[in-house]
Amino acid sequence: KILNEKRDKLEFSKVVCGYPLSIFFIVVNEFCERFSYYGMRAVLVLYFKYFLRWDDDLATSIYHTFVALCYLTPILGAIVADSWLGKFKTIIYLSIVYAVGQVAMAVSAIHDITDSDRDGTPDSMTFHIVLSMVGLFLIALGTGGIKPCVAAFGGDQFGEHQDRQRRTFFSVFYLCINGGSLLSTIITPVLRAQECGIYSKQKCYSLAFGVPAALMVVALVVFIIGSGMYYKAEPQGNIMLDVCKCIGFAIKNRYRHRSKQYPKRQHWMDWAEEKYDKLLIAQIKMVLKVLFLYIPLPMFWTLFDQKGSRWTLQATTMDGNFGALVIQPDQMQTVNPILILTLVPIMDSLIYPLIKKCGLNFTPLKRMTVGMLLAAIAFVCAALVQIQIDKTLPTFPSTSQSQLKLLNMGSNSVTVKLPGNDALILPAAQVYPFINNCNTKFTNLLPETNDLTSKPQEGNNAIRFVNGMKTAVNVSTAAADFGLIEPFYYSNYSQIKNGKATFTLRSGSQSCEYSTNFGFGSSYTFFIHSTLVFGSNCQDSVTAVEDIKPNSVHMALQIPQYFFITAGEVMFSVTGLEFSYSQAPSNMKAVLQAGWLFTVAIGNFIVLIVAELAKIPKQWAEYVLFASLLVAVCVIFSIMAYFYTYIDPTEIEAQFKKKINEDDEDDKSKPGKAEVEMVKRDSIKCHDEYDKATQTKM
C-alpha cells in the first residue's frame with residue numbers, strides 16, 4: 001500500500017492516453033536493443049567463416065558458446081538487480097558494457113586496420129580475433145544482464161489500478177522484441193552483402209555490426225532521457241539466493257546426519273526444517289519437481305539454435321534467387337519470426353480448440369513432447385536438403401590422387417592417349433578434367449595451375465581466362481581486373497558476384513566485350529580463341545567451360561525445416577513456460593525462469609561438444625544424429641511426463657498457511673513452546689512478503 005501511494009505521488013501523474021509516459025522510453029529502448037542483438041547475431045557465423053577464415057566447425061562452436069553465455073548471464077543480472085544495484089542502475093551500467101561490446105565488434109570487422117599491403121586481407125588476424133572475442137564477451141554480459149530487468153522495470157511503472165494498461169504494455173513489449181528481431185535479420189544481411197573499405201573493397205561486416213552498435217547507443221540514450229520519469233524500486237533481495245541457501249543447508253545437514261542412528265525423513269529437503277520455514281521448503285519441493293522435468297530439455301535447444309549456425313552455412317551453398325528478389329543466406333532466418341507471428345494465433349485459436357473438441361486431452365507436457373518431435377522432423381528435412389546439395393558438389397581429388405585438366409587451345413579436335421587410360425577425343429577450345437592416381441608420371445605438360453579445391457565462398461563465382469592468342473590480352477570488368485594475360489597463359493581466379501557481368505578484352509588499341517550471366521558458387525574458365533577478331537563484341541570467340549557447377553538447390557527448400565522447427569518452438573517453448581508458471585509458487589517463478597534459461601545454455605554447449613569432438617565428415621549424417629538424439633530424449637521425456645502429477649501451488653500454499661496458523665494457535669496455548677519455535681524460525685522471513693511487482697521476472 002505504501003509503495004503504491006509513493007508511486008502515485010511520484011510519476012503516475014505524467015500519463016499519456018492512460019499510460020505512464022516513462023513506458024514509451026522503455027518500449028523504444030527494447031526495440032533498439034533487440035534490433036542490435038539479433039542484427040549482430042544474424043551475420044555472426046558468416047563473419048567467423050569468411051572474415052576470420054575459420055572452418056565450419058570452429059565457427060559453429062564459437063557461435064554457440066556465445067549464445068550459451070547470453071543465456072547464463074541473466075541469472076547474474078537478476079541477482080545484481082534484486083540484491084544490490086536495483087533494476088534501473090543495472091540496466092544503465094550493463095547497457096554501457098553492451099554498447100562498448102557492439103562497437104568493439106564493428107571495429108574488429110574493419111579489414112583496413114591491419115591490411116598494410118592493401119590486398120583486402122588483414123595481415124594480423126590475431127588483432128581482429130582478440131577484439132571480436134572481447135566484444136562478444138561484453139555483449140553476452142550486457143544483453144544477458146539486462147534481459148531479466150527491462151520487462152520487470154516496465155511493469156514497475158504501473159499502479160495497482162492500471163492492470164489493463166500493464167497487460168497492453170507487455171503485449172506491445174513482446175511485439176517490439178519480434179519486430180526488432182524481424183527487421184534486423186532482414187536489414188543487416190543486406191548491409192553485410194555491400195562492399196566497403198578504405199583501400200580495398202570487401203564484404204562490409206563493419207557496417208553490418210556498426211548499425212546494431214549505433215542502435216544500442218540509441219537504446220541507451222533513450223533510456224537515460226526518461227530517467228527523471230521512472231519509478232525506481234529499491235532492491236528487495238533475490239529469491240534465488242534464498243532457494244540456493246536453503247537447498248545447500250538441507251544437503252549439508254543431511255550429510256551431517258548420515259548415520260543410521262538418525263531417523264529418515266520423507267524428503268531430503270526436510271533436513272532444512274531446523275533453520276528454514278516449512279512453507280519455503282514446500283515451495284522449493286514444488287520447484288524441484290518441475291526442474292527434474294527440465295533435465296531432457298536442453299536437447300531441444302541443441303537443435304533449435306542451429307538455425308543461426310549450421311542452417312545459415314547450409315544456405316551459403318544454395319541458390320537464393322527468388323526472381324526479382326535475391327535472398328542472402330543469413331536472411332533465411334527471418335522465416336522464423338514471420339512464422340512465429342503467424343503460428344501462435346493459429347495454434348491458440350484454431351489447432352488447440354480443435355484438438356479439445358475431438359475429445360483429446362492435449363496436456364502441456366504432451367504439447368512439449370510433440371514440439372520436440374517436430375524439431376526432430378525439421379532436422380530430418382535439413383538432412384534431405386543436404387543430401388541434394390552434396391549431389392551438386394564437385395568431386396575433388398583425394399590425398400592419394402592428382403587432377404589433370406587437358407585444354408585444347410587449337411581450332412580442331414584432338415585425340416589424347418594417357419597412360420593406363422583409353423584414348424579420348426578433346427574438342428576444340430574445351431577442357432577435360434582427368435583424375436588419376438598420383439603415382440602416374442606425365443611429361444611435356446603446361447605449367448601447373450592453382451586450381452580450386454573447394455566451391456567459391458559466399459556464393460561468389462570464381463572466374464579465370466586462358467589466352468589462346470599469340471598476343472597478350474588485357475581482361476577487365478567492373479568488379480575485377482584480370483590484368484595482362486600473356487600468350488598461351490592463364491589469369492588468376494577472381495571473384496564475381498551473381499548476375500550479369502560484362503568483360504572487356506583489349507589488345508593494343510583494339511577491344512571487344514563479352515557478356516554472360518552467373519549464378520551462385522560456380523567456377524568458369526573462359527578460353528579466348530586464337531581466331532578472335534576484335535569488334536563490337538566477341539561472344540562467339542570466347543568459350544566458357546564450367547569447372548564447378550553453380551548452386552542449383554534452391555533456398556526455398558529450407559522453408560519446410562524452418563516451418564517444423566518454428567512449429568516445434570511454439571508447442572515446446574511457449575507451452576513449457578506456461579506449464580512452468582502454472583506449477584510453481586508465485587514467488588518462485590523467477591527460479592524456474594532461471595532454470596529454463598539454463599537449459600538453453602546447456603543445449604548450446606552440446607552443439608559445441610558435438611561440433612568439436614564428433615567431427616562427422618558428412619553434414620547430413622550430423623543432422624540425422626541430432627534428430628535421433630532428440631527422438632531418444634523425447635521418449636525419455638514422455639515417460640517422465642506420464643508419471644508427473646499436476647498440482648495447484650496456490651492450494652498447497654494455502655493448506656500450509658492454514659496448518660501453520662493452526663500450529664501457532666496451539667503453540668500459544670502451551671507456555672514456553674512458542675519461544676522455542678520463534679528461535680527455530682528467526683533466521684528466515686516468510687517469503688510471501690515478496691511483492692510480485694518488485695521481483696525480477698527473468
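Just so it is clear, glycine is given a Cβ too, placed from its N, Cα and C backbone atoms.
As given in TrEMBL:
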type	residues	note
TRANSMEM	12-28	transmembrane segment
TRANSMEM	58-79	transmembrane segment
TRANSMEM	91-113	transmembrane segment
TRANSMEM	125-146	transmembrane segment
TRANSMEM	167-187	transmembrane segment
TRANSMEM	207-231	transmembrane segment
TRANSMEM	286-304	transmembrane segment
TRANSMEM	338-355	transmembrane segment
TRANSMEM	367-389	transmembrane segment
TRANSMEM	590-611	transmembrane segment
TRANSMEM	623-644	transmembrane segment
Chain residues outside the transmembrane segment (207-231) and at least six past its termini with a C-beta under 8 angstroms from it: 7, 10-12, 14, 20-22, 24-26, 28-33, 35-37, 39-40, 43, 47, 88, 91-92, 95-96, 98-99, 102-103, 105-106, 108-109, 153, 156-157, 184, 187-189, 191-192, 194, 196
Cβ contacts the transmembrane segment (367-389)/the transmembrane segment (125-146), at least three under 8 Å, sequence gap 6 or more: no
Stretch in 12-28, 167-187, 286-304 most in contact with the transmembrane segment (590-611), if contact is a CB pair under 8 A: 286-304
When counting Cβ pairs under 8 Å to the transmembrane segment (167-187), the leader among 12-28, 58-79, 91-113, 286-304, 338-355: 12-28
Contact ranking winner - 12-28, 91-113, 125-146, 286-304 against the transmembrane segment (58-79), Cβ under 8 Å: 125-146
The transmembrane segment (125-146) vs the transmembrane segment (91-113): 3 or more CB pairs under 8 Å: yes
Beyond the flanks of the transmembrane segment (12-28) by 6 or more, those residues with Cβ under 8 Å of it: 150, 153-154, 157-159, 162, 165, 168-169, 172-173, 176, 219, 222-223, 225-226, 229-231
Same-chain residue ranges lying at least 6 outside the transmembrane segment (91-113) that approach it to Cβ under 8 Å: 33, 36, 40, 47, 51, 77, 85, 120-122, 127-129, 131-132, 134-143, 145-146, 149-150, 153, 197-200, 202, 205-206, 208-210, 212-213, 216-217, 219-220, 223-224
